[in-house]
Each structure stands twice: as structure tokens, then as C-alpha cells.
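Copied over from TrEMBL:
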DOMAIN    68-220  domain 'Glycosyltransferase RgtA/B/C/D-like'
TRANSMEM  93-111  transmembrane segment
TRANSMEM  132-155  transmembrane segment
TRANSMEM  175-197  transmembrane segment
TRANSMEM  204-226  transmembrane segment
TRANSMEM  278-296  transmembrane segment
TRANSMEM  301-319  transmembrane segment
TRANSMEM  325-348  transmembrane segment
TRANSMEM  355-375  transmembrane segment
């Protein structure tokens, strides 16, 4: 009963801090979130994605082919609560909540100690590493949850060999949630099958059937990579040196950067991944060190397994140019939480009984204080990242949407991303109408193409050199020009301005009649 109560309190803490102003902090949907939201909306309305493909396994989106699990999760949520920012972000909160519960179950299975399992769940729930990702609509949330579920189910094969089937299915759901798991899961399966080989081969049929399901399940990925330009995304983000030696050196540097003090204690430089805080707390280092020591001393697979997974987890981020990368290495967080819990448990086991309660109380207060300071800082400082969250586009398509119909042309600078997806999302644009109206620029060498217009919207890199009041088309035009991309034309008065949350101007707004 005590264990259930403590686990419930951990989950309450998690959901309370994630659901608080979830649609306001961060202040707007990022373009990937808007893309997920609109594709889900298109599915609910037509059964097709934004480009008209029927119930796709891979969503073309911006040309990077988004994976289906999170998008269909959002579609289901939209069916229940409607199309809004909450429906895009809520599935992520739910997936991470389930991941924390699975963290408890997995730790209990591995270490066979309820106290250590509770500590693992607690440390994951307050981890700075996952905080922003558990408040926003990032696909990795589903990937982590299904990955932890798959491992937990696989570990149950010592009770029943047929658990391998739902385990493989969960691995497949993880693969179709986030691209990093395409790399991590094969390595994980090799490790698990190696350890359980004697057990699994006593009744080989479940293992063979599971592997067949896995092979069949990844066929759409193989088809995408080989026949449908699916490798384009990998080519654009992958590390490539001039020589093999240089490539190897870059890969090694990228890998080690995920364990560097700079990354761990100052965080990912991407403000959408972390903001003015490290991936872990300073105190974590002490318990991580102790946990590693305990795991190696035990020399048992279940103790060493979290170490193995921590070592494997940065590999997907290692092969990319943007490294270290908090999101692509997100799996470090749950397994590091187990190691931290193992370190704390070792101290508890070596304390006198009358000191354990005092130690746990003091430790809980310290960590909850750390978390409160992080959470409070996050709430206060988020406005300084509003531009990074493309807040200006939200303003354009919510504050000016009633005016668009009064103009023949609406020009919008694409300096902050691809504004078309925000137009589709915030205006809840009819998907079928978009299919018939959309205009694209030529496909580039990477296979990508940008939307340059639909309806009366025109998107582009508007500068004083390539657009001004005198070469706009005839008619009445509304122009949203990014501050550094558009110099104010002579003799034209600003209509208004779009500002970010700090009061800085993001767009000049002009009205031109020709």
C-alpha cells in the first residue's frame, strides 16, 4: 500500500508539472508540432495526410517522412477533444507518464527492489533531460514508452516464452515512433537475445515468429529507404568527413560529447531542447558514479543492463551533424535514472536503519528543491525563447486571420521556417482545398521542396532586393516581413507589427494598394 501511494504521488507530481499551462509554455507550437497537428487533423477529416496519401505509414510532411505513431495518437486525441494545441501536446504527457510507470516496473524486474524502483521512477519524473520533451508534441515520447514496454515484456520471457511476441510488437511501435530507435533497437535485441538465448531456444517457435513479425514489420521502412527517397533525411543530417579517418574522428567526438561536463551540466545548445540548465543535476554525478560502481561490482546482467543501454543510447545522435543532441539521445535519461537510483540504494543499504529515513527525507527535499528551481526558472524564462518556437507565425495566423479575406495577396516571410504549415494548422484549412491550390518550388538536390503559396498566401524570402512595393502584383496586398529580411520601403507606412514575448519586433506589417 505504501509503495502504491508513493508511486501515485510521483505520477501526480509529474502530471501536475507537465499539464500546468501546457498550451502556453512553450508559447506556441513549433513547426514539427504544427505539422503533426495538421496531418492528424487531415486524417480525421479525410483519412488522408496533408498531401492526400491515404492512411500513410510514413507522412511526407516537409519531405522528411514523419513516423505514424504519434500522429495517429494526436488524431485520436483530436477526435475526443477537438483540434487545438492541447490535442497536439497531451499525448506526449500521457506517453511520458506511462514511461515513468514502466520505469518502476522495469527497475523492479531488473533489481528486484521496490525502493530502488520507486527511486528510478522519481528521478525520471524530475529529470531536466525529459522536462521540455514531456510538455511538447515530440514523437520521441511514444518511442521511449514503447521501448521501455518492449524491454519489460521481453524480460518476462523467463516466465512465458510467448511474451516475446508482444515485446516485438512494442519494439515495432517504437521504431515507427522516432527514427533513433531504428538504430538502438537492433543492438538492444542482440543483447537481450544473447542473454536469454538458452531460455528462448528451449521453445524456439515464439522467437522465430517474433523475428518474422519484426522483419515483415520493417519492410515499409526498407521500401522507403530504397525506393522512395527516405534516405534523404539521413544524408542531410549525417556526419561526413572528407576521409574515412576524419569521419571516424568526428563520430568519436560526437559520441563522447554526450558524456562531457559541458553537455551534462550546461545542456543542449538548442533552446527548444534545454534552456539555461544542464541535462542532469550536479548531485546526480555522485549517485551515477556510485551506481556504476555497484553495477560493475555485482557483475550480474540485470545490474549491468542499464549501463549497456546508457552506452548505446547516444549512437543515433552520434551520426548526425548536430551533436550532442538531447532529443536523439533521450534514452540516456531513463537508464541514467536507474543508475542514480542504484547509487542512492547502495548508500541506504550501508546506513544504520535509524538514519535511512533522515537521509531519504533530506535527499527528497534537496531534489525537489532542485526541481522546483528548474521548473520556476523555466516558467519565467520561456518568453526569451518565443522566437525559437516560431511564436510570430502563431500571432500572424491567429490575430490577423479575419483580415486575410480582405486582401488579394498575403505575403509572409519564411525566415523563421515554413509558414504554410502554421496557416494550415491555425486556420484549420480544408485539406482537399489545399491539395488543389498548393504551389511548390522545384525539388532541390536533397529531394526537398517548399510550399510557395496556396489560396491568396505567398511565402518566400522577402528582402528589399527581391520584393518591394513597386513590383508587388496589382491589387491589395498585406505583407508580413521579417525584421532582418525586409527593409522598410520608402513612402509606405507600417500597418502594425508582430512582436515576440520580449517585446521585440518579429515582423513588419505593410498594406499596399496597386
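Note that Cβ sites are derived from N, Cα and C of the backbone, with glycine treated the same way.
TrEMBL annotations: computationally assigned, not manually curated.
For the domain 'Glycosyltransferase RgtA/B/C/D-like' (68-220), the model's pLDDT averages out at 95. Between the transmembrane segment (325-348) and the stretches 93-111, 175-197, 301-319, the greatest number of Cβ pairs separated by less than 8 Å involves 301-319. Within the chain, the transmembrane segment (175-197) has long-range Cβ neighbours (under 8 A, six or more residues past its boundaries) at 57, 67-70, 139-140, 142-144, 146-147, 150-151, 154-155, 157-158, 207, 214, 217-218, 221, 233, 301, 305, 308-309, 312-313, 315-317, 319, 328-331.
Annotation: stretch 93-111 has the most Cβ pairs under 8 Å to the transmembrane segment (301-319), among 93-111, 132-155, 355-375.
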